[in-house]
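Peer 1: Okay, here's the structure, questions in a sec.
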């Protein structure tokens, strides 16, 4: 009986991992997705639809490597949950797309958030983006603001970072 409960919990956890990253398929064309699927299937040694520590070990061993448990744990801990194909795409997508880690993005915005509230005045952020560093045009800022979480003139950079890294929430999750 406990094995059914455990299996049910595992399936629920796996389902959540997939839903949280479902927008990742828009990052790649069909040919790229097919290549990633082939690579995923090569790593998923036991063919259960998930890459687990043992799968990584077996795959690396087949390449003549002898990875330590710490090394494998480090690889597994890069994912916030079980590594199904969607999560696999997300992990590689972030590396291929060259986006910064979530905390780096939050900290960059946070440098200008003197009250540490997680928001910046919309007009102040526009001024910063158009006058400092790699300057944005007003059109660039307008485009960013079109989908940005702005309420009462405040840009929610914590939510913006979440959207940037994980995609917008599905309508049924809001």
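Counting starts with 1 at the first residue shown.
The backbone N, Cα and C atoms fix where each Cβ goes, glycine too.
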Peer 1: Going by what Swiss-Prot says, which of 21, 86, 161 is noted as phosphothreonine?
Peer 2: 21
Peer 1: Determine which residues of the chain contact the domain 'EF-hand 2' (100-135) at the Cβ level, with the cut-off under 8 Å and only residues 6 or more beyond its ends counted.
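Peer 2: Residues 141, 144-145, 150, 153-158, 160-162, 164-165 contact the domain 'EF-hand 2' (100-135) from elsewhere in the chain.
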